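Read the structure below first, then the notes.
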């Protein structure tokens, strides 16, 4: 599934109408039918449809017609301040009038009283005021209408975009419908990825309205939602003649006194994700503590430079940073790895923190680099405020990836993975996973997948999906999910996906 902007959607619609010859009214009719299919008609009887004067309003009027034909009780409201409807909206308006269906005007505050009365007696409110074209702040009347909808509706379904939201930025343009469900068409809207927008969108369902996939591909940016199909495609099946050397050598530089858990989690998640050989390189003191803890992994000390050089040379992927501390030692080890490694490097946690003011070393690499910051770490790295990053997550991630020619995984709700050109959005995971060690666990999975031969961008995307998928599954029966729970379930989750 792709992610798109309002300009992308406009281009797709124009091509369908002008080049292919699909009448726009057909696309509107298809959209209405997809809305109908999401309304759970077996248990909902009474609907209020609130329409604007554009094509989103036309969708709503078409939905009203189908609901009436299905024997449902409907109340239709239309905001038409300028007495001018879009062409397709006018077609559906006239059909309703010819059918004798009453359409209530909604052009002033007095009209809102009738709306309020209908809403409190309805099962579902259908929001069809504004679609993907909204770019201006709402007038006072629309703000009042949205307040009435939010305060008096039992359940709200928004068509394409919650009215009041800019679909590109996710910004609320004065006020916004608080939908329980948003039925959007063909592409997930870029603005839905902005921090906090799920408050307004509710559950998002993406439906096709009959636009050919080739048209969408040719007119869209390379921004994709990660799916199980992608994970299945890229995680290799085990060859019956395979041995440990076929599944990659992982080197993990992690841990410091007081933070041994970060090293332990990263190493074990790499082991459980299928890496053939995993070695921890840490301080001598920590090596003595952890060496008796690991059964399947090996340990060494980065204080033995010759041994470290040998590990770097033999590795298929290196992870560095978890629990190491924001110190000169961490920075020197990071420089050593970047300057000398020819295999991909996954930089996490303190490995990212020590890059502040030292970002140019990323340009001196001989290998692929993946960084996995959360918003705070990204703020330290870029100098942007946390609030700015929250509002511009996609743009910031792509900017950093493009500037340094690296892969960026920006953590958070709808984690973003990008190389600056192609971008994946991870839909899995939830707040049950909000606990220490989760990032270390993810780093281990990413590193393991890359060591097994998966390309860096796809390995990072697949790892994020698997990590979140396990958390989601476990949260169905657990109040909170810890990193150790994720690690325990990695092999079975991967196998489950491969067998589907």
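Backbone N, Cα and C atoms are what each Cβ position is placed from, and that goes for glycine too.
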Key: Listed in TrEMBL for the AMP site shared with 411, 412, 413, 414, 415, one of 383, 439, 444, 453   = 439
Task = Out of 83, 88, 123, 127, which one does TrEMBL list together with 56, 163 for K(+)?
result = 127
From binding-site residues 58, 135, 412, 415, 439, the one whose Cα lies nearest residue 127 (K(+) binding site) = 58
Task = Measuring C-alpha to C-alpha, could you say which of the binding-site residues 132, 142, 411, 414, 439 are within 10 Å of residue 56 (K(+) binding site)?
result = 132
Key: Spatially closest candidate among 411, 413, 414, 415, 439, the listed binding-site residues, to residue 323 ((6S)-NADPHX binding site) (Cα to Cα)   = 439
Task = Using the recorded K(+) site (56, 127, 163) as reference, state which further residues of the same chain have their Cβ within 8 Å of the centre of those residues' Cβ atoms, listed in sequence order.
result = 50, 52, 57, 60, 128, 129, 130, 131, 158, 159, 160, 161, 162, 177
Remark   = Whole-Å Cα distance, residue 411 (AMP binding site) to residue 132 ((6S)-NADPHX binding site), is 27
Ask   = Around residue 323 ((6S)-NADPHX binding site), how many other CB atoms lie within 10 A of its CB?
value = 25
Inquiry  = Which secondary structure state does DSSP assign to residue 142 ((6S)-NADPHX binding site), in the simple three-class scheme?
reply    = helix
